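Database features, via Swiss-Prot:
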{"type": "BINDING", "residues": "117", "note": "chlorophyll a ChlzD2 binding site"}
{"type": "BINDING", "residues": "129, 142", "note": "pheophytin a binding site"}
{"type": "BINDING", "residues": "197", "note": "chlorophyll a PD2 binding site"}
{"type": "BINDING", "residues": "214, 261", "note": "plastoquinone binding site"}
{"type": "BINDING", "residues": "214, 268", "note": "Fe cation binding site"}
{"type": "TRANSMEM", "residues": "40-60", "note": "transmembrane segment"}
{"type": "TRANSMEM", "residues": "124-140", "note": "transmembrane segment"}
{"type": "TRANSMEM", "residues": "152-165", "note": "transmembrane segment"}
{"type": "TRANSMEM", "residues": "207-227", "note": "transmembrane segment"}
{"type": "TRANSMEM", "residues": "278-294", "note": "transmembrane segment"}
């Protein structure tokens, strides 16, 4: 008698079928992260394009902000909601808009729509890098690096206005709108004298410097392994040998500075660490601003400058500039407060 022993075929459930379809090899990988990434990215980008093309900011900021009103690419924006909306999520079906799309746009609903979907899209993109790294079998350092931009976006567009009294104080989605927000941070928070801003600048500019030095050093030490006019065509993605000389690069920088990286892994980790740490530090600083934490205050210099007209430092000059920013920006930037400053109390520069 013959006995056939076999493994019973397991029943494939709907989850397994969906998992196979999401992870199928295609031109654009979808994956589980794509369920979050693609809809949110589509809606946030679509909301921004719609708002900058058609929607005015007259009802929220008293400004023109769309192509339809004559703005250009640098001046269009989706402005933050009206101050009276507080921290409402401004759903289209909520009590503020009540399914009225025109009213929803007027009170700033597109801003919250774009901000929230944009935040989830960035998180989805980070998860996408983790998912693909796991499938390919590599480390998830790309995703770790991308947490820096996510932290900046969430802290600036969500955490800061949450710490303030309304979404109104968030930056608008536009080039000139971001510039206005930067001036606001300086005038009302003295942001450039905040140590977390200093660490952020050091990280970003330091990362740019490291990137430039690394790229130039690699180009300088390429092996002459081709007969073409340039060395780019001599490289093959699948080649087993090195394409540049680490030993030569180490000797070069040892002569320049006296010290140099001798370990490629430490070098590239350092290039990852510097800019990402800078982004995270600036994000922490923005969260501090949300709760109105102050930057460095050199009160002794302010007191001496108040008593001695001949004593002035760059710090005291910057404090006066901040006062000027507040005085000039407040009436236009916060129309709901109905500020009215007499001409004689507004700061006047020598050139005015």
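From the backbone N, Cα and C atoms, a Cβ is placed for every residue, glycine too.
Everything Swiss-Prot records as a feature, shown here on the structure.
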residue : record                            : contacts (Cβ under 8 Å, 6+ apart)
117     : chlorophyll a ChlzD2 binding site : 40, 41, 43, 44, 47
129     : pheophytin a binding site         : 140, 142, 143, 146
197     : chlorophyll a PD2 binding site    : 191, 282, 285, 295
214     : plastoquinone binding site        : 267, 271
261     : plastoquinone binding site        : 250, 253, 267, 270
268     : Fe cation binding site            : none
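Same-chain residues lying 6+ beyond the ends of the transmembrane segment (40-60) with a Cβ under 8 Å from its Cβ atoms: 66-69, 71, 76-82, 105-108, 110-111, 113-114, 117-118, 120-121, 124-125, 168, 172-174.
Secondary structure from DSSP puts the residue listed as 'chlorophyll a PD2 binding site' in a helix. Distant neighbours of the transmembrane segment (152-165): 80, 83, 86-87, 115, 118-119, 122, 171, 181, 279, 282-284, 286-287, 289-292; these residues of the same chain sit at least 6 beyond its ends, with a Cβ under 8 Å from one of its Cβ atoms. DSSP assigns residue 261 (plastoquinone binding site) to coil in the three-state reduction, outside any helix or strand.
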